[in-house]
Every structure is written in C-alpha cells, then in structure tokens.
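Inspection log for the structure reproduced underneath, given as structure tokens.
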Amino acid sequence: MTFFRVHLTCFVIVAFIGSLILWGIGNERGGHFPFVDCFYGITSALCLSGLTTVPVEDIPPGGQVVLMIMMLLGSQVVTSTVPLLVKKHRYCRVARIAIDPSDHEPHQATIVLIRIIVIYGVLVHLMGFFIAWLSILCGRPYPRNLIRHKKKTNLGFFSLFAVVSAFCNVGYIASSENLMPFNSSLVLLLDMILLIMLGNGIYPPCLRGIIRLLHHFSKGNTKQACEFLLDHPRKCYTHLFPPNTTRWLLISFFGLNGFEICVIYILDWNSTAFDGLDTGEKIVNGIFQCVNTRSGGMNSVAITGLSPTTLFIFAVMMYVSAYPVFLSRQATRQKSVDDEGAISHLSARKQRDILDTTLATQFRRLLAQDTAYLFLATFFICVSVNHGLKHDPLNYNIFSVVFEIISAYGGVGLSYGYSCSLRTEPGYCVDEPVSFSGKWGVTPKIIMIVVMLLGRHRGLPDNIDSAILLPEQKFSNIMRRQTSE
C-alpha cells in the first residue's frame, strides 16, 4: 500500500470519527448541526483549509476542543513527524542485523530530531499563547469585552484556540468576525504572523538552524546525530533540506510575500478595507493579510473591500502555496533514492522517469495535476450552484466560486462570504459569518470536502523517498543492490 493511500485513508477515518463526535456534541442552541456540515468543518480543520459552513462561535467549547485536536493532528509539523515515530520504532528490529556501526547513525539522528521537533512545537505554542493572551488582556477594551460578554468566551481559551489555529495554518478563530476586531492590536497580529510562519513557511529553515546551533554547542552522540542530520537531511526528514535548498525556500517565501505586500500597499492603501486605520496599523494589517494568503487564512480586514487585482493575486498565491516545499523535496530526492537503491529493481526507463527531479519537470507535473483537479471541481460545483449563478449573480459569480475552490485546495481558508444585501431577488435572507460554500447545497459541499482532501495530499513524498522509507525497506534495498553488484 502506497504512502499516499495510507495517508489519505487515515485522514478520512479521523475526519469521520471527528465528525461523529462534533455532531454528537451539538450546537449552543441544544440542537445538532447537519452531519455534512460537521464533516465539512472537521475535514477543513484536519486539511488546514479553514473554511466553515457554520459559525465557529456557535460551536460549544467541547466542539471547539475537537476542532483544535483536528488542527493539531493535521498540521504539517505533526503529520511529518509521524513517519519519524514509526521509523524510530522499526529501527529496533533491524538493529540486530546492522552490518556496520554507521548503520546505527540514522536511528540516533531520528531520536534527536524527534526531540527537537517536540520541544520546538511546545515552546512555540507557549510563547505564542502568552503573547496573545497578554496582548488581549492589556489591549483595547472593546475586543476584550466583545469576547468576554458578547461571545461569552474565556480569554485564555480564545487565545489558545487562536494560537493553535495560527501555528497549524488553519485560520479558525472563536469569533464570527475572525480577527477584524483586533486590527488595531498590533502585538497580537505580529504574534499571529510569527506563529503562521513558524508552523509552515519558515519551519524547514528554522529546523535546520536549530540543528546547526545544537551541533555547535553539543557533544558526544548528540553532536554526531546533528552532524548526520546536517549532512544527510533528506535521508531523515521530509522537511529538512540541504543548505542551498533551504536558502531557496527562504528567498521564495519572503520574495512571494514581499511581492504581495507591495501589491496591496500600492493598490489598496486608501481602500475601504483599511478604513479607520492609521499608517502603522495599515502596514501591519497589510503584512498580516498577505502572510495569511499563503496558508494562514485569517482575516484582520474585510477582503471584499480590496481591489479585484489584489484578490486575483491572492488567488494565485493560494494556488501556488504548496509549490516551494514540494519542489524542494522533489529536487533533493535523487541522491537519496540512489543511495538507498530503492529503485534499482525497476527498468531503466522507469528509473529515468522517477529520477527526473529537475524543477521544470516537477513543476509541470504538479501544475498539470492541480489544473485537472481544479477544472473538474469547478465544473461540477458550477453545475450544482447553477441556480445561484443565474439568479444571484452578485454573490454567485465564477471568480468567487473559483476563489473558494482554490482556497480549499490550497489549504488557506479565505472566502468571499455571502451578503444578503447583494441579492437581486427578494426573499428571506440572514447574513451568517460563514464561508461562501456555507450557502451551498449538500452536493457542492461534498465536492469541496474531496477538494480539501486532495489539496492536503498534493505534494506528498513519494513511496521511494528516503525520508519515509522504513529501516527494513532500506536494508533490503541495500542488500538487493549489493547482490546485483
């Protein structure tokens, strides 16, 4: 069974169990959410999409705890660490047949790496929580009173929920207005920006930097393990890269975000989205919104107040959000699979296809896959919401539908929402703080669930990737290569 199928199966099972729990907990009014909305919300949390079909503040505390657990289970840090835990357990089985003392080095390196990741995650969450909690507690009274009295939410729980959501890059906030009431709380926004970056965009560079520091200051086995991790990063972990690739990741991350920031400052400095904000607040909110476009999915301003050009750039950035890490992983895979002999038993033609790890080839492959998925999803959803496209054109238009789909597929969570004031036909309508897809029927919601699952699983490491090969597989590959020689 391939790594992709195992990963996808686990996600579907966990999402279904989480949906049953959330449905059983019910809502604040004593009833139950429709099961499809529970499945949608749990899948969105697990796949880090951040879209919602029910107001998060209508979910009772128990349900919000379930959402937090789903966010943590689906986060990049946790899901990439699971193969390490499995490898650590399986290394004990092959230790007895190790033919060289150096064969034990990967085991020691795996143990050290797991410790680093766990400490990293815990410290970042603690730091983020205390900064968020203190910034709300000592900040402006309006948002604090809004949480305490109108939302009837504990400040500590609100802060914890926001911190977990930011680090996991989901975008859920236990408030229907997301972080718009806090667009003047600059410390909180900067804290969220840092958490979003540490949980995804700059996680690989930070991890390599920590290992370098530990290698410099440690001694004995720990120093040797760190040296192995630095010399053979792609043998050990899917999010650990060589120096040049790490630098390329940093340049691409800050370059793309810098481009977005320039666009939003040039086109929207005086837009209605930034009304009431001073110069410093506009600068921080612009950075916050651009960083969230890549993966976070939080709002500090109403994105519908931004220019169409900016929203188009947002859609493009959501579309390519997974490309830097995927291309880095694929481009650094060739040496690893060669070293392990993982494909030596395949034909020469298949080996050439697998080992073609040039950026251009890998980019074309992922782009073709993404385009096919998004075209099919857009077609079927447009068919499903055709009535809205015809009779409610200001809310339902092709771009808003495509924007929602790309947001789900890219694991971002930004949405146009739905406004009753834009309806062109009379009828009963209530504005709800939900994503645009929250107004869709059951069929398009199910399609969106599939889109989120496919988006979360794009760019997964291949079965032959040395970072996810189990020790016994590596040993058998080495023995096969030695036999053939």
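Every residue gets a Cβ built from N, Cα and C, even glycine.
TrEMBL annotations: computationally assigned, not manually curated.
Taken from TrEMBL, the feature transmembrane segment applies to 7-26 (among others).
Here TrEMBL flags 112-134 (among others) as transmembrane segment.
According to TrEMBL, the transmembrane segment annotation covers 155-174 (among others).
The annotation transmembrane segment is assigned in TrEMBL to 186-203 (among others). When Cβ-Cβ distances below 8 Å are used as the criterion, the transmembrane segment (186-203) is approached by residues 75-77, 124, 128, 131-132, 135-136, 139, 162-163, 166-169, 179, 239, 249-250, 253, 257, 280-281, 284-285, 287-288, 291-292, 294-296, 298, 300 of the same chain, each at least six residues removed from its ends.
Taken from TrEMBL, the feature transmembrane segment covers 248-267 (among others). Below 8 angstroms of C-beta separation, residues 197, 201-202, 204-205, 241, 283, 286-287, 289-291, 293-294, 306-307, 309-310, 313-314, 317, 320, 324-325, 328 of the same chain, each at least six residues beyond the ends of the transmembrane segment (248-267), sit close to that stretch.
The list of residues near the transmembrane segment (301-326) in space but at least 6 beyond its ends in sequence, with Cβ under 8 angstroms from a Cβ of it, reads 180, 183, 204, 239, 248-249, 252-253, 256, 260, 263-264, 267-268, 271-275, 285, 289, 293-295, 362-363, 366, 370, 399, 402-403, 406-407, 409-412, 414, 416-417, 419, 455, 458-459. Positions annotated as transmembrane segment by TrEMBL: 301-326 (among others).
Sequence annotations record features per position, and here TrEMBL assigns transmembrane segment to 372-389 (among others).
Look at TrEMBL and you will find 395-418 (among others) tagged as transmembrane segment.
For the transmembrane segment (7-26), same-chain residues at least 6 beyond its ends with a Cβ under 8 Å from one of its own Cβ atoms are 32-33, 35, 38-39, 41-43, 45-47, 59-60, 62-63, 66-67, 69-70, 73-74, 79, 453, 456-457, 460.
Counting residues 6+ beyond its ends, the transmembrane segment (395-418) has Cβ neighbours under 8 Å at 44, 47-51, 169-172, 292-299, 303-304, 311, 314-315, 318-319, 321-322, 370, 373-374, 377-378, 381-382, 385, 388-389, 431-439, 448, 451-452, 454-456, 458 in the same chain. A Cβ distance under 8 Å defines the sequence-distant neighbours of the transmembrane segment (155-174), meaning residues of its chain 6+ beyond its ends; these are 44-45, 48-50, 52, 56-57, 61, 64, 67-68, 71-72, 74-77, 121, 124-125, 128-129, 132-133, 136-137, 144, 147-148, 191-192, 195-196, 198-200, 292, 295-299, 411-414.
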